[in-house]
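Participant: Let me give you the structure first, and then I'll get to my questions.
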Amino acid sequence: MQALMEDSKIKEEIWIEKYRPVRLNQVAGQDETIERLKSYVATKNLPHLLFSGPPGVGKTASAVSIAREIFGEDLWRENFTELNASDERGIDIVRNKIKNFAKTAPIGGAPFKIIFLDEADALTADAQSALRRTMERFSSNCRFILSCNYSSKIIEPIQSRCAVYRFRRLSDEAIKERLEYIAGDQGLSITEGGYEALIYVAQGDMRKAVNSLQAAAFIDTDKSISRETIYRTTATANPEEIKNLIETALRGNFRIARKELNRLLYEEGLSGEDIVGQIYRVVSEMDNLMVLDLGLTERDIVALVDVIGETDFRLTEGASEKIQLEALLAHFALSREN
């Protein structure tokens, strides 16, 4: 009965929401940025902000935390709205949703309202121009927090009106510390290999790490969560398998490498883009011992990265996964003869 209750708890709760930071000091791995944001909260004097950085590093959590701390738990929802620009990329999101919220007065004596626009780099150039005009018009009673993956995709007139903060990819230590807290709270047992796999899969993305942990916990409810469980539930190849695939091809054993590739594609169900991404990670992170053992030069590594990039581009353009990946392995096998 207890096991069933715990299993039901895992199913019902969404951990990325349950464990989302609600205060700035709970945001992991962005200490310098968070300290600067705290100064705005302390004075309740907030400029327009632009948060730039990869997914899952605390941009949204920071925006919500700012609203909670400035307005308080009773009023923050009335004075804060969150919109996702990737849902509506055009000018209508500015003309309708943003303007309708911005033109109303703050509630409960709040000094201003906050509009959080996530994935702002998805907005078209016309929509960004309209947003810039809206920011100017309603600056007396509204503050904008824009979030994006690439600040270069935000037009200069908007960037110049914002204080820009760059959120970096989270360290392995920051991710592990948070996962250990969640595991303790949920009563989970995770092997050291399980933590290593979660960190590998996450690639600095806390959201992905927590989602991966919950998916694994749903499967292994009665035992320790292992490395194998993480890779299986996230459709990720074991890095050692990818490393062996590359070494086999580079040693000229093309047919053996192709057989392993087919296993990853058809038995493990991995996508071609995921495999290429993992191949790139192994090649770009090769240690000196592996390079010497395979007899590779710096020029060889450059050539391998170049052909990996070409393969990745072709896959995104819709080319056959099997043909492109086999061609990639063939290039690896032939590289030793050139």
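Each Cβ is built from the backbone N, Cα and C atoms, and glycine gets one as well.
Pasting the feature list from Swiss-Prot:
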type: BINDING; residues: Gly53, Pro54, Pro55, Gly56, Val57, Gly58, Lys59, Thr60; note: ATP binding site
Participant: Count, for each of the binding-site residues Gly53, Pro55, Val57, Lys59, Thr60, the other C-beta atoms lying within 10 angstroms of its own C-beta, and report the residue with the smallest count.
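Facilitator: Each of the binding-site residues Gly53, Pro55, Val57, Lys59, Thr60 was scored; lowest Cβ tally within 10 Å is Pro55.
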Participant: Looking only at Pro54, Gly56, Gly58, the binding-site residues on record, which one has the least crowded Cβ, with the fewest other Cβ atoms within 10 Å?
Facilitator: Pro54
Participant: In three-state terms from DSSP, label Thr60 (ATP binding site) for me.
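Facilitator: Its secondary structure by DSSP: helix.
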Participant: Starting from the Cβ centroid of Gly53, Pro54, Pro55, Gly56, Val57, Gly58, Lys59, Thr60, which together make up the recorded ATP site, report each further residue of the same chain whose Cβ lies within 8 Å of that point, ordered by sequence.
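Facilitator: Along the chain, the qualifying residues are Phe51, Ser147, Phe167, Asp205, Met206, Arg207.
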Participant: Helix, strand or coil: which one is Gly53 (ATP binding site) in, per DSSP?
Facilitator: coil
